[in-house]
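Q: Heads up, here are the entries from TrEMBL:
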- 43-62: transmembrane segment (TRANSMEM)
- 83-104: transmembrane segment (TRANSMEM)
- 124-142: transmembrane segment (TRANSMEM)
- 154-173: transmembrane segment (TRANSMEM)
- 185-210: transmembrane segment (TRANSMEM)
- 319-340: transmembrane segment (TRANSMEM)
- 367-389: transmembrane segment (TRANSMEM)
- 444-464: transmembrane segment (TRANSMEM)
- 501-631: region 'Disordered' (REGION)
- 505-630: compositional bias 'Acidic residues' (COMPBIAS)
């Protein structure tokens, strides 16, 4: 039976065994008999992503036109009451959108490159394109549900997640029955990832929907938080949505007002209750008393309360989160550089004649070697890097400033409880109290802001070079011969960007013998260049030794250059008498140095080391050069200590 024309075009006009007919669509047990047909599975995969956006659009029109929208005067402007697990849901939905974009890119790459000999197959990219658009529509639909306070619309999202997960299951079963099934295939990996994300969204939706049905969401407008009652509170970061927090959209009214006129203090409004000194003091005092109680239980009666355990109990998990974010930011620079390297490699290796095309599904390695995919991935990584960095900085400020205010309040309250005689006894007490209130809290603020930086850049600089070159740091640190760490000054530390750029731009297969980069980490392909560098260094050392030996051996060194040449001719009987070139003089002086090695035993340690270097053979020079290259990698350990000393200064307070 001939295939339906639309179905045949959807499948790409492939042979009849790859398409499905109208009788197959309407027949009984079609799913059981045609589940191995990828075109039919993609046909079923298309339907939920067509029906769901239409249903969401109709629901929004109904709620906007005929439905009752509950919103306060400032609702949707400065703040909005979010549903439970709103931030987690937004992160999962953003991840879903990114994976759907990758799914669409996989379909395009497969159809245009790895199956270009076949007719175009809309089944590879049309269903995933609709899935990507449907995901964006669901994100907009959820945003409107929060703004209009309509939790009943979450049921539509729940049905969509269930239907999409079922479609992904059908798609995976179809891929599983294929002869070329492998988890190295990009489509299989994307299918498993999407199914997992849909299951997580189903769990979140069920929790929120059950929470709404049991406790009731519509009463929240009657029980607004104290901060949101009235229009005085303008700092609504805690009550804004995830997207508004990340983009700082909740500051838009303040920016618009500042554009019209100069801002005044009253325009900023009041701060939330949790940032007020009373709340901060109560929280800090509770933790201090808790530490004192623990000390008494341990039998330490007169021990002073440690400050950092108190701060860690209050802000510890947030500081740990910021540390993880800073490490992610540090490693993302390396990821961006690696993507850029692969992108340059793709551009320089484009096949002029098209090459021999293979008809198969794109694998994971082939997918991430495509230049267009790499360009899109580079933009996503850059945007994510900026977002994570700004979020971590904002969290640090929100940690450090309340900690400073809490310490000032605690010290002030304690100072007020001191007796008047102790304060008037000496001016030293007044100075200490002033420092404790003004200077020391600022040092704590600086320490909390810079503390996560200690774990960022030093970690990537210290461990990434060893990981790239597949070297065991624990074994090679002992063999690394660093002559003197004092040569690496704090003012001129090794540049981490230079080290990483030399590693990332290093190509082990295409290195030439004339590559003179000192910072190159390839030890095998640059031996000749290292020998040349070593010879030049030995020549310079020979010149220095010549001057030193001439001062020790010649007592009448006041003659001109002609007399020096005559002395050299007398000492060397095997050389020519009329050789006036500088290079021949160096050779003659080298012979004098070899004859006078036994006479210079009383020289200083530097001369002995230089003479020993002159007697080394070429193999020893090569070993020294290899050790120097290893030292270039492990000198990054010194950078770690440098950053630690730099940023640990505020911690001493």
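We number each residue from 1, going along the chain as drawn.
Just so it is clear, glycine is given a Cβ too, placed from its N, Cα and C backbone atoms.
Note that TrEMBL annotation is computational and uncurated.
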Q: Please indicate, using numbers and ranges, the residues of the same chain that are 6 or more beyond the transmembrane segment (367-389) and have a C-beta under 8 Å from a C-beta there.
A: 98, 101-102, 105-106, 109, 113, 186, 246, 325, 328-329, 332-333, 335-336, 339-340, 342-343, 346-347, 350
Q: Would you kindly check 43-62, 124-142, 154-173, 185-210, 319-340 and say which stretch has the most C-beta pairs under 8 angstroms to the transmembrane segment (83-104)?
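A: Counting Cβ pairs under 8 Å, the winner is 185-210.
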Q: Are there residues at least 6 beyond the ends of the transmembrane segment (154-173) whose Cβ is under 8 Å from a Cβ of it, and what are they?
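A: Long-range Cβ neighbours of the transmembrane segment (154-173): 31, 35, 41-42, 44-45, 47-49, 52, 55-56, 59, 83, 131, 134, 138, 141-142, 145, 188, 191-192, 194-195, 198-199, 201-202, 205-206, 208-209, 212.
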Q: May I ask for the residues of the chain that lie six or more residues beyond the transmembrane segment (43-62) and have a Cβ under 8 Å from a Cβ within it?
A: 7, 10, 20, 31, 123, 126-127, 130-131, 133-134, 137-138, 141, 144, 153, 156, 160, 163-164, 166-168, 170-171
